[in-house]
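TrEMBL lists 481-593 with the feature domain 'Phospholipid/glycerol acyltransferase'. Annotation comment: TrEMBL describes 64-82, 89-110, 122-140, 160-179, 191-212, 258-277, 297-321, 328-345, 351-376, 388-410, 416-437 as transmembrane segment.
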Amino acid sequence: MSMKDENIKKREGGRLWRNGSFTLMWTSVAASGFGDRMMMLAALVLLGGYVADAQQVSIQAQIQFFFFLPYVLLSVGGGWLADHLPRKWLLLACDEFRGVLLFLGFWLVYDVTGTGAIPEAYHWQVLGILFLVGVFAAVFNPTRNAIVPQVVPLRQLQAANALVLSITVIASMIGQVAGGKIIDPDQASTVRFGLLVGAGFYLISGSFFAFLRVKQHALALEVEDHGTAIDIKYAKRKPRSYKQAVSYIRGHGRIVRLILLNMMIWAGAMVVYNAVLSLTKLNYGFLEIGMTDQERLFRFTVLSAGVGFGMLGGAGVMAWIQTRRESDVTLMVSLVMTGLSIALLGACRNYWVALVFAFGVGVFGNMAIVSIATMLQSLSPNYMRGRVMGMNAMLNTTTNVLVNLVIWQTPNADEMIVWSLYPLGGLLVVMGVWIGLKLMKRGDMPAGITNLSLHVLRLFTMVWYRLRWEGRHHVPREGGAILSSNHTVAIDPFLIQCVCPRFVRWVMWDQFKVRLLWPLWLMTRPIEVSLDGTDGGRVRKMIKSVNRGDILGMFPEGGLQRDHRELQEFEAGVALVARRTGAPVVPVWISETTRSKWMIWHILLPCRAVVKFGEPFVVGKEMETEDALKLVREKMIELSEDV
């Protein structure tokens with residue numbers, strides 16, 4: 001291993017904020033995002049977006065159309081380049097060329113005086129520069145998505161994606177608001193200054209990529225041992241054609257569904273982005289009170305920033321979640337909430353309340369975007385990731401271009417786009433519900449609602465209790481078995497169930513089966529035992545359950561440890577069931593849970609819980625009850641010493 005690879009490996013063991021290459025990356029992406037916003041605002045003014053009676057939404061859609069059209073034509077090629085050229089130098093070149101193009105725009109309007117709007121005969125120059133900037137953006141985006149797993153370890157991938165998006169949003173918000181203050185539609189000089197600032201940010205952002213350190217994936221080795229010598233041959237690289245990538249995607253239905261869903265979300269994002277401009281014109285009475293063009297431009301940038309701040313909040317939530325597991329649950333919730341927020345944003349007539357709904361659109365929309373990006377990156381192998389992300393970007397922007405083309409050519413686009421928010425919101429809610437229905441079918445539980453609840457519960461335990469586990473491969477994949485665990489806190493059954501590969505039927509005291517929690521008992525079907533010793537029938541029920549092939553969960557201590565961590569005396573039940581059934585007993589040890597005498601704190605307080613499964617063993621039918629209990633206890637203590 002080279003010194004460079006050793007340094008990268010050492011860096012991967014630390015926290016994300018200590019990763020210097022990742023810091024350079026998000027800084028560069030942020031500067032690039034600032035340049036994008038400044039360019040878009042300048043183009044809106046130059047093309048007459050603030051001339052009297054202008055159809056602002058139509059003009060903005062025209063800007064988006066020409067900027068994103070190259071994505072349709074070149075995103076696939078950009079992904080191909082990302083798989084064949086050094087990715088960091090490709091990113092550097094894209095940003096430097098974008099900076100040069102924006103400086104060209106500054107030079108073209110250098111002599112313009114008066115208002116910022118230029119004659120229609122020169123509009124092709126603005127649109128041409130937008131198109132060329134879009135060319136390099138079409139290469140930049142799939143390359144950036146492909147390089148992230150080479151800069152951060154896989155376990156930090158979701159947090160890294162969330163942070164990159166959040167920083168990009170911050171930069172875009174700053175660029176949007178700063179542009180609203182810098183650029184005055186009535187003064188051409190301010191438009192020139194905005195273009196110059198945008199060009200400078202592009203040039204700066206590109207230079208940072210030169211210092212990026214990326215992890216190189218070693219080629220496989222073929223070793224031939226000739227007795228006296230060993231020949232080492234490097235395996236040939238796998239072919240890197242788009243035909244191969246298409247075949248790979250077609251063979252993975254999950255990737256296909258994610259790409260289609262991503263297309264819908266980004267198309268919706270384009271509708272919302274254009275609708276914000278129309279909302280500030282029509283919904284809040286700004287024209288009626290005589291608000292100036294620059295004031296309305298600033299209000300538009302602030303409402304857009306509300307979405308941006310929401311995206312920042314959503315990225316923060318995803319970074320806090322950390323885990324890539326159960327991303328479908330996150331996606332389900334975020335789609336439903338995004339749809340509701342969009343519909344409420346369209347219906348709202350108060351500007352300040354609309355800021356709240358705009359914030360909600362950003363929060364939940366970005367959660368959906370990060371979830372999909374992380375799942376696509378995780379499902380795509382490194383040698384093909386650039387092309388997968390390139391095809392994803394191409395299909396996304398094809399949809400975006402078509403959406404902008406429709407908006408551009410729609411009569412009375414300012415009014416119509418506001419009405420389109422209602423069906424858009426409804427569609428996203430339906431998609432979220434559809435994912436929920438899919439989750440109901442994914443699992444071993446007999447009832448769909450139980451499967452869905454378990455997925456939600458698993459995500460909650462991984463986020464709030466930072467649940468980790470070891471050795472769950474020791475749980476038999478089929479046939480009856482007994483889980484024998486220490487009992488630290490009230491949430492122990494949920495912690496074990498969330499990491500156990502099979503459904504667990506728990507043994508519990510009947511005094512805890514309160515009517516208020518009847519839906520829980522209906523889903524989990526626990527076996528109740530009483531404290532008065534009249535449990536002969538219940539023991540037979542446990543034996544029957546194990547013989548039927550169920551996993552039986554038991555806490556031999558018969559009570560909670562609460563605020564101490566020492567095994568209490570064992571009840572005889574586990575020995576009786578194990579001896580009579582001959583089923584394997586899997587010892588389980590739970591640690592790092594909350595220590596408190598009060599059960600409510602077991603649920604409310606976060607912790608870093610660990611569940612460890614040990615090797616299964618069998619209790620002989622000839623063993624005495626006391627000897628069997630002693631054996632179970634020894635196995636559990638032995639497991640605890642390895643935690």
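Note that Cβ sites are derived from N, Cα and C of the backbone, with glycine treated the same way.
With a cut-off of 8 Å on Cβ pairs spaced 6 or more residues apart, the transmembrane segment (351-376) and the transmembrane segment (89-110) reach fewer than 3 such pairs and are scored as not touching. Using a cut-off of 8 Å between Cβ atoms, the transmembrane segment (160-179) and the transmembrane segment (388-410) share fewer than three residue pairs, counting only pairs 6 or more apart in sequence. Cβ atoms under 8 Å from those of the transmembrane segment (328-345) belong to residues 261, 268, 272, 279, 314, 318, 321, 354, 357-358, 360-361, 363-365, 367-368, 371-372, 421-422, 424-433, 435-436, 438-439, 455-456, 458-459 of the same chain, restricted to positions at least 6 beyond its ends.
For the transmembrane segment (297-321), the residues of the chain that approach it from at least six positions outside its boundaries are 41, 50, 158-159, 161-163, 165-166, 169-170, 172-173, 176-177, 179-181, 183, 185, 272-273, 276-277, 279-280, 284, 286, 291, 330, 334, 351, 354-356, 358-367, 370-371, 459, 463, judged by C-beta separation under 8 angstroms. Highlighted: of the candidate stretches 64-82, 89-110, 191-212, 388-410, 416-437, 64-82 has the greatest count of Cβ pairs under 8 Å to the transmembrane segment (122-140).
Sequence-remote contacts of a segment are chain residues at least 6 beyond its ends whose Cβ falls under 8 Å from one of its Cβ atoms, and for the transmembrane segment (416-437) they are 57, 261, 264-265, 268, 271-272, 274-275, 278-279, 282-283, 328, 331-347, 407, 410, 448, 452. Over the domain 'Phospholipid/glycerol acyltransferase' (481-593), the average per-residue pLDDT in this prediction is 82.
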